[in-house]
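Participant: This is the structure, below, for whatever I ask next.
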Amino acid sequence: MIGRCLTLRTCLVLLTWLAGGVGPAAAAEPQELRLFNRPVAELRAPQGGLEPAERVSRAQRRFQALDAAALAGEVLARPVPQAETPAYLLSVGEQPVFTLQASDLDPEEHLGLSTAAERARHRLIDAVQARRAQADPALWWRGGAVVAGVLLMWGLGGWGLARLYGFCHDRGDAARLRRDGGRSAYLRLIGWRLGAAACWLVAAGGLWVGTMAALAAFPWTQPWSQQVAAFVQQLGGWAVAGMLGAIPGLLTVALVMVLARAVHEGLGLLFRQVQEGRLRLPLLHAETVGATRRLTAVLVWGLALAAAYPYLPGSGTEAFKGLSVLLGVMVTLGSSGVVTQLMSGLVVVYSRSLRKGDFVAVGSTEGVVSEVGALAVKLVTMRNEEVTLPHSLLTSQPIRNYSKLAGTQGTLLSTTVSVGYDAPWRQVHALLTEAAHATPGVRAEPAAFVHQRALNDFYVVYELFAHIDQPLERVAILSALHAAIQDAFNRHGVQIMSPHFLAQPEQPVVVPPARWWTPPARPPEG
């Protein structure tokens, strides 16, 4: 008993599976019936052993077989009597073309068979009229004239637009190269560029209008013209609807940007007052206000972008999401080094270890700071070389700033000489300060001064200090100072014992003024 029940259940399952598999396989695909390049009806069900595709082929053969007399007849849609399923026969004159069954109707359209048959009859009338018109020789002459006119319009219009585009492009290049400055020059450049772009738009419009006119000139291609026009109309409607729908979001974005710009301008005015010394605020210094301005600008515009992003048209589309992912990956992969440099730059700026115009030394590099950027500092060395130092290097090495404590007194310069004990130290001080005063580039105020650095076995070490205004000319000024020191000591007969002393000579080792211009040296003119 149990075995019989299992067998019966298995048979029922197999029958159910076979029935389910046969149903979808037997369903045929709907086929569109097009006559003379025009849609007439859609056939969905078999008829008389013919599948929908075969029914379409038979209807097209019947339509092609119609002669001129048949085409002059009336197009009719009549019910088929005594049919298994309700149907209408569509014919041209006395020649049948195809049959429309109730099973051919689309359930989603909710149309009755008579209404669908009447719609198919009107479409068949359109196809018959187009075929009759296609046989008219006058239509071919008119179509040929239209095509010739379109080609002539394209030729003349293309020639004129090419010359106009070249004129606008050349005038735009001339306005760009003139560099006369001012807003008017910039507006002229934009105007010529817009004129060149308008030429492309006019060319595209002329191409589209000519193509539509040529397609509409012949009955066979008229449906293509209508389809393209409908597509362009639909596309234009979609674009207009999209622009109208985006107006509220764009207004919100504009409002956010205006507020952000107002905040940015207000903070910029505040920072400018601090930088010029007109206003003093806690934690703000003239040296760091530039970096603070940049940080606040990034913060303000970053917040504005984050607030305005959801209101941008298309911000929720997959394209924007993919772009966000790409930017995130790029920032993740390349941010480590950049963030390190930025943080090091903040340390350099807010520690106020240097600023533009300072004479500094970093490692073996000496020069004047020409730029303090977000990622690096640029120095101009005494050899007129520009050296770029990353901020990470500045935070890992000591920075010697020769101008930091100089204030308005200039950069301090020093040099040492060794003079024997037989020369009065007061005379040596006077000679050194005299040489400093005679050196071009050395400031008269504050006055140069001398320190005695060491009392060695045979000589005294003197160090001369002087102030200069041009740190980049330090080497040249130091060379001129050395020359002035030698002249002063030689003029007064005092021997310089640097750098080493071996024995006391009988006469001081000096060069008298009479031998200063021994050839090939030449005294200065005047």
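Keep in mind that glycine also has a Cβ here, set from the backbone N, Cα and C atoms.
What TrEMBL says about a protein is an automatic prediction, not a curated fact.
Annotated signal peptide per TrEMBL: 1-27, in sequence order. Residues or ranges marked as transmembrane segment by TrEMBL: 139-164, 185-218, 238-263, 295-312, 324-350. Annotation source TrEMBL lists domain 'Mechanosensitive ion channel MscS' at 338-404. As annotated by TrEMBL, domain 'Mechanosensitive ion channel MscS C-terminal' applies to 414-496.
I would like each feature placed in context: is it buried or exposed, what are its neighbours, and how far apart are things?
Facilitator: Counting same-chain residues at least six beyond the ends of the transmembrane segment (185-218), those with a Cβ under 8 angstroms from any Cβ of the stretch are 134, 139, 142-143, 146-147, 149-150, 153-154, 157-158, 161, 164-165, 168-169, 171-172, 175-176, 178-179, 224-225, 228-229, 232.
Listed as Cβ neighbours of the transmembrane segment (295-312) (distance under 8 Å, sequence separation of 6 or more from its ends, same chain) are residues 248-250, 252-253, 256-257, 259-260, 263-264, 267-268, 271, 320.
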Participant: Please give the sequence-distant neighbours of the transmembrane segment (238-263): residues at least 6 beyond its ends with Cβ less than 8 Å from one of its Cβ atoms.
Facilitator: 300-301, 303-304, 307-308, 311-313
Participant: Would you mind splitting the domain 'Mechanosensitive ion channel MscS C-terminal' (414-496) into helix, strand and coil residue counts from DSSP?
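Facilitator: Helix, strand, coil within the domain 'Mechanosensitive ion channel MscS C-terminal' (414-496): 34 helix, 26 strand, 23 coil.
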Participant: With DSSP as the reference, give the number of residues of the domain 'Mechanosensitive ion channel MscS' (338-404) in helix, strand and coil.
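Facilitator: Secondary-structure composition of the domain 'Mechanosensitive ion channel MscS' (338-404): 19 helix, 25 strand, 23 coil.
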